[in-house]
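Okay, so here's the structure we're looking at.
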Amino acid sequence: MNPASLILLAFAMSTDAFAASIGRGAELRKVRLLSALRIGAVFGVVEAIMPLLGWALGHVAMRFVSGVDHWIAFVMLALLGGHMIWAGVKKEDCAAIKAAETQPENRSIWLIAFTALATSIDAMAVGITLALTDINIIAASVAIGLATALMVTLGTLLGRAIGTIVGKWAEILGGLILIGIGIAVLYEHLAGLASA
């Protein structure tokens, strides 16, 4: 995976968390920079760990699926991307995000971590997919974590001003990026077969 694809992947993986942080920021009466940085850091750490877990699972399964790994990567990324687009269009949030938004004064680190975990399940699935590609998983996880920390901090700070509309479109964009990366993975493999 080239650096541009890695950056796109990192920001695509941060869109769920960005949407959740906009909702969180919109619900808070006053958002302080330190609170936004703390929320961003928690989301970033969780989002960085999940692809590592998925990569470990995918690496174990690699010996069983090595002949069709590119197709699996394409299908998984396309399904994840499609789900993100559908969720953005339908404006449906997971229960953890709704719970966080209904308790705006509760800034418990555990509630933030639970919300971060709920929005990072797709990062674990992407980690499984990354095990099927030629990528430095540490670099990918760090990039995903940093992008998420940045996007969540900004989303929390801007939440009151921009509301939930941007969160919806961010999720749709993230889904389109994941589908595009899936197509690129499949194309690279098929182009490699054609030139062999």
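Here the Cβ of each residue, glycine as well, is placed from N, Cα and C on the backbone.
According to Swiss-Prot, the feature transmembrane segment maps to 3-23 (among others).
Look at Swiss-Prot and you will find 39-59 (among others) tagged as transmembrane segment, backed by sequence analysis. Long-range Cβ contacts of the transmembrane segment (39-59) within its own chain (Cβ-Cβ under 8 Å, at least 6 residues beyond either end) map to 13-14, 17, 21, 24, 109, 112-113, 115-117, 119-121, 123-132, 137, 140-142, 144-146, 148-153, 156.
With a cut-off of 8 Å between Cβ atoms, the residues of this chain six or more beyond the transmembrane segment (67-87) that come close are 12, 15-16, 93, 122, 125-126, 128-129, 132-133, 171-172, 174-183, 185-186, 188-190. Residues annotated as transmembrane segment in Swiss-Prot: 67-87 (among others).
Residues of the same chain lying 6 or more positions beyond the ends of the transmembrane segment (109-129) and with a Cβ under 8 Å from any Cβ of it are 9, 13, 16-17, 19-20, 24, 38-39, 42-43, 45-47, 50-58, 61, 72-73, 76-77, 80, 83-84, 94-97, 99-100, 103, 137, 141, 144, 178, 185. According to Swiss-Prot, the feature transmembrane segment maps to 109-129 (among others).
The transmembrane segment annotation in Swiss-Prot covers 137-157 (among others), and the record cites sequence analysis as its basis. If you look at the transmembrane segment (137-157), the same-chain residues 6 or more away from its ends with a CB under 8 A from one of its CBs are 1, 6-7, 9-11, 13-15, 17-22, 24-25, 28, 31, 33, 35-37, 39-41, 43-45, 47-49, 51-52, 55, 123, 127, 130-131, 167.
Annotation comment: Swiss-Prot describes 172-192 (among others) as transmembrane segment. The list of residues near the transmembrane segment (172-192) in space but at least 6 beyond its ends in sequence, with Cβ under 8 angstroms from a Cβ of it, reads 5, 8-9, 11-16, 70-71, 73-78, 80-89, 126, 129, 133.
Sequence-distant neighbours of the transmembrane segment (3-23) (same chain, 6+ residues past either end, Cβ-Cβ under 8 Å): 39-40, 43, 47, 51, 81, 84, 88, 93, 97, 100-101, 115-116, 119-120, 122-123, 126, 135, 139-140, 143-144, 146-148, 150-156, 158-159, 162-164, 166-168, 170-171, 173-175, 177-178, 180-181, 184.
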